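Engineer: The following block contains the structure, expressed as structure tokens.
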Amino acid sequence: MSEEPTPGLKEIPPAPQAGPREMWKKGGRLLSVLLAVNVLLLACTLISGGAFNKVAVYDTDVFALLTTMMLLTVLWILFYLLRTVRCPDAVPYRDTHAGPIWLRGGLVLFGICTLVMDVFKTGYYSSFFECQSAIKILHPLIQAVFVIVQTYFLWVSAKDCIHVHLDLTRCGLMFTLTTNLAIWMAAVVDESVHQAHSYSSAHGNSNTSHARLTPDPERAGSAAGGDPCPCDTTICQIFQQGYFYLYPFNIEYSLFASTMLYVMWKNVGRLLASPHGHGHSPSQVSLFRETFFAGPMLGLVLFVVGLAVFIIYEVQVSGEGGRTQQALVTYYSFNIVCLGLMTLVSLSGSVIYRFDRRVMDHHKNPTRTLDVALLMGAALGQYAISYYSIVAVVVGTPRDLLGALNLAHALLMIAQHTFQNVFIIESLHRGPPGAEPQETLPKEPCQGLTFANLDALHSLPACPPTPRLVSPSSDGPQEARAIILAPRGHWRRRCLKDISLFLLLCNVILWIMPAFGARPHFSNTVEVDFYGYSLWAAIVNICLPFGIFYRMHAVSSLLEVYVLS
């Protein structure tokens, strides 16, 4: 006996069933992850083996692998772009959260610096072309093409939720991500070995004699003890020093591209509520708008002072040995002040959120999920270095001013990372301005209410004498609807914008210092004497790149916090 439908109720159609390709989403992701893991392990093996003289893996092998990976990636990107142009239904949805303008702008900036680095590399290897392998000159040229093509691809396609050739697209995106990670790994290993050579040259330490620079021509003849390609001309030395100083930009470019590619990989086959995505997206970025100017001004002061401290530190450490301790005292003192202020400011931001009535945003957002995971994961590198330093200072000897500064610096580094992560993560999960719950509206009747006529304004208590009204049409009657806008300059919003800008500028200067060569971990001999150079160098070379990446990723997240506050 069939049931009759209840009058007045509309039957809800059943939800559409996922097609066979969408049902295989987990399998397609697993296949692409397995491909990426195997390729990344192969690259890791060659890159790490190529960094040591006692391993029979040469730089030409590493360059050949990276060049091949970049060529395959360029071919796949061109195939992707041509396919999406020919198939209008290939991208039915766009994720508004993915690829924000500041992230793509940072990618373009670091990409330009990487292109300059490739020019310096090409000039460096061309200085002794007669004794070089062709792959050494071909590698920076192919990398320049790779950077140009990938930057254009991420600029136009970062928001794509593609729905054709799902498995092939997942594998292509994951292979592209792996290529960027391999380039990042090669640059980190190269820079770490370069720093180890600089330390061994300055201190006469023989423990680093087994290491070699990945791109240096001396590697071909180092096993035989010769130097077939000396870099003894002025132009050659300029090219060599130039591309070493540009390595931090290449490292950040690879990491920025990797994060954007991961979000694209998560969005393959994704279904959204509307073709333009969901959620809120800032329409414009207006710097220093609606702030008290205290945060930007104090941040700029610390930025300028930090640059001066960094220059003084580099000059004194690389100069006479008697001024190293003075340079370390200056460096640690500035960092202690900066980290202490950042900790207090982050705590203030978290306290302000206790009085914020905006609702939490619980929508599915792969970009935000990745941001949180990267902030928490990258902070582990600096946590590890700080805890190793604490143990060395507390247990080891001697106990002097430098040890006390080192201990305070390590403790504040842990506190600053912790409270800054809490502030950023809570900010990213807040709704946009005006997303207050409905039950709070009667408390502030002049904000966000809609009236049928303007006479209703006079019956509202505590309304300002000159409310801001927006009429939906200029030619309508006087009784047309009027919307009273919430005051944009609320003190909580201004404080949050000041806090985000202050933290942003401080993170930039704390990125510049280690990224461009500041290594107090080795100039201060407390940890080196306690752990031994080999163990301490391994700890720093593994963990410090994550700490450097944390600073730049925090800058990107804080800029988003500023826009959404």
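Using the three backbone atoms N, Cα and C, a Cβ is placed for every residue, glycine included.
No curator has checked TrEMBL annotations; they are predicted automatically.
So TrEMBL has the following annotated:
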COMPBIAS  200-211  compositional bias 'Polar residues'
REGION    200-225  region 'Disordered'
TRANSMEM  30-50  transmembrane segment
TRANSMEM  62-81  transmembrane segment
TRANSMEM  101-117  transmembrane segment
TRANSMEM  137-156  transmembrane segment
TRANSMEM  244-265  transmembrane segment
TRANSMEM  292-313  transmembrane segment
TRANSMEM  333-353  transmembrane segment
TRANSMEM  373-395  transmembrane segment
TRANSMEM  499-518  transmembrane segment
TRANSMEM  530-550  transmembrane segment
Engineer: With a Cβ cut-off under 8 Å, give me the same-chain residues at least six positions beyond the ends of the transmembrane segment (244-265) that come close to it.
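Structural biologist: Counting only partners 6 or more residues beyond its ends, the transmembrane segment (244-265) has Cβ contacts under 8 Å with 29, 32, 95, 98-99, 103-104, 106-107, 109-111, 113-114, 116-117, 120, 147, 150, 154, 157-158, 160, 170, 173-174, 176-177, 180-181, 183-184, 187-188, 190-191, 194, 366-367, 370, 374, 515-516, 545, 548-549, 552-553, 556.
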Engineer: Determine which residues of the chain contact the transmembrane segment (30-50) at the Cβ level, with the cut-off under 8 Å and only residues 6 or more beyond its ends counted.
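Structural biologist: 57-59, 61-62, 65-66, 69, 167, 170-171, 173-175, 177-178, 181-182, 185-186, 189, 214, 265.
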Engineer: Answer with yes or no whether the transmembrane segment (373-395) touches the transmembrane segment (62-81) by the criterion of at least three Cβ pairs under 8 A, sequence separation 6 or more.
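Structural biologist: The answer is no, given that the two segments have fewer than 3 Cβ pairs within the 8 Å cut-off.
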Engineer: Is it true that the transmembrane segment (137-156) and the transmembrane segment (292-313) have 3 or more Cβ pairs under 8 Å, skipping pairs fewer than 6 apart in sequence?
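Structural biologist: Answer no: the transmembrane segment (137-156) and the transmembrane segment (292-313) share fewer than 3 Cβ pairs below 8 Å.
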Engineer: Go through 101-117, 292-313, 499-518 and flag the stretch with the largest number of C-beta pairs under 8 Å relative to the transmembrane segment (333-353).
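Structural biologist: The listed stretch sharing the most Cβ pairs with the transmembrane segment (333-353) is 499-518.
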Engineer: Please give the sequence-distant neighbours of the transmembrane segment (101-117): residues at least 6 beyond its ends with Cβ less than 8 Å from one of its Cβ atoms.
Structural biologist: 140, 143-144, 147-148, 151, 154-155, 158, 242-243, 246-247, 249-250, 252-253, 256-257, 259-260, 285, 552, 556, 559-560, 563
Engineer: Other than its close neighbours in sequence, what residues sit by the transmembrane segment (499-518), given a CB gap under 8 Å and a spacing of at least six beyond its ends?
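Structural biologist: Result: 195, 245, 248, 251-252, 288, 291, 295-296, 298-300, 302-303, 306-307, 310, 313-314, 331, 335, 338, 341-342, 345-346, 348-349, 352, 420, 423, 427, 544, 547-548, 551-552, 554-555, 558-559, 561-562, 565.
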